Amino acid sequence: MERNLSSRDDDALHSLSASSSSYDAIYNLLHYHERGNGLTINGKPSYSLEEAGAQITRDNVSWNGANVFGKSANLTFKFLQSARATPDGDTGFVKFNAAQISQAKLALQSWADVANITFTEVTGNQSANVTFGNYTRDSSGRLDYGSQAYAYLPGSGSASGSTWYNYNVDNIRSPDTMEYGRQTLTHEIGHALGLNHPGDYNAGVGNPSYSDVTYAEDTRQFSIMSYWSEKNTGGDFKGHYAAGPMLDDIEAIQRLYGANMSTRTGDTIYGFHSNTDRDFYTATSSSKALIFSVWDAGGNDTFDFSGYSNNQRINLNEGAFSDVGGLKGNISIAHGVTIENAIGGSGNDVLIGNDANNTLQGGAGDDILYGGGGADRLYGGSGKDTFVYTEVSDSSVNAPDWILDFQTGVDKIDLSAFNTGHNLHFVNQFSGSGGEVMLNWDASSNVSNLYLNLDNNTSAEFLVKIVGQVSQTADFVV
């Protein structure tokens, strides 16, 4: 699929979803917001991430010229101090106030973080690539309460790169993160860098709606350049708005300017206890909403959503969406990004890893953990937790998973996926018959070893190591 989910036999997984609630939860999250590949959603074609990125940059213009892709740019920006009128003839100029300046700089930084763009502020008579100014009256001189803001694509004209904002609008005068004013700044800067709306619509031209979109994913869940609510694609931001580029915007801006591979190359934490120094990646309390698509160039990184009590669904695969902090589809991971670790909260969470060596921590609540490929370290936390496996590559003999806080008689290990084509049964030693499961406990180390042999030989292909003594009769779903 488009999102490069960790390799697995999805058909086998789906065939078992009705017999195991844990598998049902895993399957549904793995296929959450599937896209492209000939799908039709809401009566519209579904675009892959690459198709959406090309659509949002369909004019193929940047500050490097027309039809130049993947080339870095060193740009300037300026907060205008005066103007007779906007290029559209709006008047009543007002210069940016302190709150607008602060939020505009944060919005600029969010674009520079994901693409090879630098921004340098200029003043006085110096010209700039991107400019900021407010207006209060329309071209006829009347107070303007209709339009919110607009901007111009890169080019050689005097209007190119200029962004304009209606000072009569409260959230334009006083923008803040997770609110519409900050989203508007990031949206208009996107235009000034070369991004279009995902569809051929514009404010003030007709009466466009989601029914006019070119492709299904034209919503604010996927792109900050969209006009349309995330609810059209099954998301729910509970009245909050994104502050930085979203999944498809990152793909689009990197198409024009290349990816910024120096952004967050260390061990980065997103959410609670964040060290990103970015407001929209940081949760300071359980009431702080998060909406973001993460771009991260390296390191051993963590999604920490431990401060929320909601039931959460967290998927660490690139291109995947997660439901975090009571919102739906509010967190996504950009193409090419690996997040290694996830920490759930006190609700009943579902955590899915990727092909890296993940550390997944469920926290309190009855959690479902699926590490996927790699040698994973799994902590269910308190509550009745289920550790799910779907194929032998999820935990190989040479690189096994470790379940580090298993509670016998409380937690479960779900192996029912292996019953597809096999009749799983426990044995004391392998006989060469497929479908054999062997469980032993090393008293000296207090570690249980769970082996599977599915290949009709006497060697195990699958191994999970569990701290503590595990019960063959009480602790498995097969």
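Using the three backbone atoms N, Cα and C, a Cβ is placed for every residue, glycine included.
The active site feature in TrEMBL is assigned to E188. The C-beta environment of E188 (active site), restricted to residues of the same chain at least 6 apart in sequence and closer than 8 Å, consists of A149, Y150, A151, T163, W164, Y165.
According to TrEMBL, the Zn(2+) binding site annotation covers H187, H191, H197. Around H197 (Zn(2+) binding site), a 10 Å sphere centred on its CB holds 23 further CB atoms from the protein chains shown. A coil conformation is recorded for H197 (Zn(2+) binding site) in the three-state DSSP classification, outside any helix or strand.
Annotation comment: TrEMBL describes 73-243 as domain 'Peptidase metallopeptidase'.
Apart from the site residues H187, H191, H197, the chain places the Cβ of A151, E188, G190, L195, N196, I224, M225 no farther than 8 Å from the centroid of the site's Cβ atoms, the recorded Zn(2+) location. The number of other Cβ atoms within 10 Å of the Cβ belonging to H187 (Zn(2+) binding site), over all protein chains shown, comes to 27. Within 10 Å of the C-beta of H191 (Zn(2+) binding site) there are 21 other C-beta atoms, taking all protein chains into account.
DSSP gives E188 (active site) a helix state.
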